[in-house]
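If you check Swiss-Prot, you get these features:
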BINDING   T41, C42, N43, R44, S102, E107, R108, E109, Q113  substrate binding site
ACT_SITE  C42  active site, nucleophile
BINDING   G181, T182, G183, S184, Y185, A186  NADP(+) binding site
Amino acid sequence: MTVDHAEQGLGVVSEAAAQVDGLGLALTDHPQIRGALVLSTCNRVCLIVETSPEAVAQGFDEAALRRCIADHGANVLAESAQLVCENDAVWRLFRVAAGMESMVFGEREVAGQMKRALSEARREQTVSYTIGHVVEEALKTSRHVATETALAAEGRTVVAVGLDLVAQRMDLDGARVLVMGTGSYAGASCAQLSSRGVAEIQVHSASGRAAGFARRHRVSEALDIDAALAQADLVVTCRGSGVPALSAEAARRAVDARRGRDLMVLDLAISGDVEEPVPAGVEVIDLETIRQAVPASAEAERAAAEHIIATGVRHFAVDLERRRMAPAVVALRDVISDLVTAELERLPEEGSVPVDEVAASLRRLAASMAHIPSARARMASEQGLGDRWLNSLSDVLGIDVDIAAPVIDMSSFANADCMTCPVTGLRVEDLATDAAPRGEERTS
């Protein structure tokens, strides 16, 4: 379930983000919910949920899920989020991890945010095996997109685009900068600012984390916030706590102390870190300004990225199907092994051929007998024919194993060249001309 910058707008994203603390823990208390993970960024709030196979049969449908979310107080997400399921959800998650649905197309910051969200969900023990697996595979694919296309090389991040806009209004070379906040965006801002030749970076934190942050990032702590605001050429606000980092009163004092020099503020907080009304003499570049200024990506790079994602989704789907069928393959081998053991028990201890030699021979035969159907199981998983293989095993050998229902519909992956992304509507074969050389380099 997602609210994002493109569909619902940044205002709704900001409202939703303020309501999702503790949502994963609350949802996993429900007996029909196996796992939950919340991803909250400046672009979106995304809730990933795995329900039990019998959830719908027992009355736990979309409406019930939305009620659970609303009961936690996350009303904006419950009322406004778009819901996608199974295959569509997998595609969406892979695209989000690769930055394909970000405000800045192809940006890498979201991958780090998703990795931290997964770590937090694991710490809270709310993530199921399937959710953890799909997120890890999505992150792996996002790294391939970063290394095999030029999207990451273009510096396509929210921070970079924001500083590009600042550079159109002032000279960053030799500038004095105040960073208000100590989170991931603060770290990214310091790195970007250093690479652009600023003379001084000071950091301020209302939570008392500035000293440690300053040591780690080799910047200085702003001990007097009013003095720092008066002297700074640029202020970067990225606290995002819901309480403005720069109050209207502090901004007015800074304007008065600057004696006619305007104050430039780059506000990277989704909820807005500059209190309104913004006084005269203060110019704010916020996320909405950045969104409108994002440059278009090259079509060839976009196609290459889509092709890599399609390959990653297929690899994940096949791996999931193989794992689902593994108990049946084990059961087949156990049946053959039991037959061999039964025959060995019938052999006389004294015979023309030693029992050990007969046992070794029979076990080699058993391994050969198990190899072909095991290989067929792998082929069936790749072709979306897993259930047909399982039914054949039951019909021919009478082996029945309680196998979980497929997490995603494998039939859409039977022919990789005909796979269609439900988000973009693009087929893999449409992307292959320009993107195949890069995509084929992948071996894992």
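A Cβ is built for glycine as well, from the same backbone N, Cα and C atoms used for every other residue.
According to its DSSP assignment, Y185 (NADP(+) binding site) is helical.
Spanning the listed substrate site, residues T41, C42, N43, R44, S102, E107, R108, E109, Q113 have a farthest Cα to Cα distance of 15 Å. Using the Cβ center of T41, C42, N43, R44, S102, E107, R108, E109, Q113 for substrate, the list of other same-chain residues with Cβ within 8 Å runs, in sequence order, G99, M103, V104, V110, V158. Using a 10 Å Cα-Cα cut-off around S102 (substrate binding site), the recorded positions C42, T182, G183, S184, Y185, A186 reduce to C42. When other Cβ atoms within 10 Å of the Cβ of T182 (NADP(+) binding site) are tallied across all protein chains shown, the result is 25. The residue listed as 'active site, nucleophile' sits 16 Å from T182 (NADP(+) binding site), counting Cα to Cα.
The 10 Å shell around the Cβ of Y185 (NADP(+) binding site) contains 25 further Cβ atoms across the protein chains shown. The NADP(+) site, placed at the center of the C-beta atoms of G181, T182, G183, S184, Y185, A186, has further neighbours from the same chain whose C-beta lies within 8 angstroms: V179, G187, A188, S189, C238, R239, G240.
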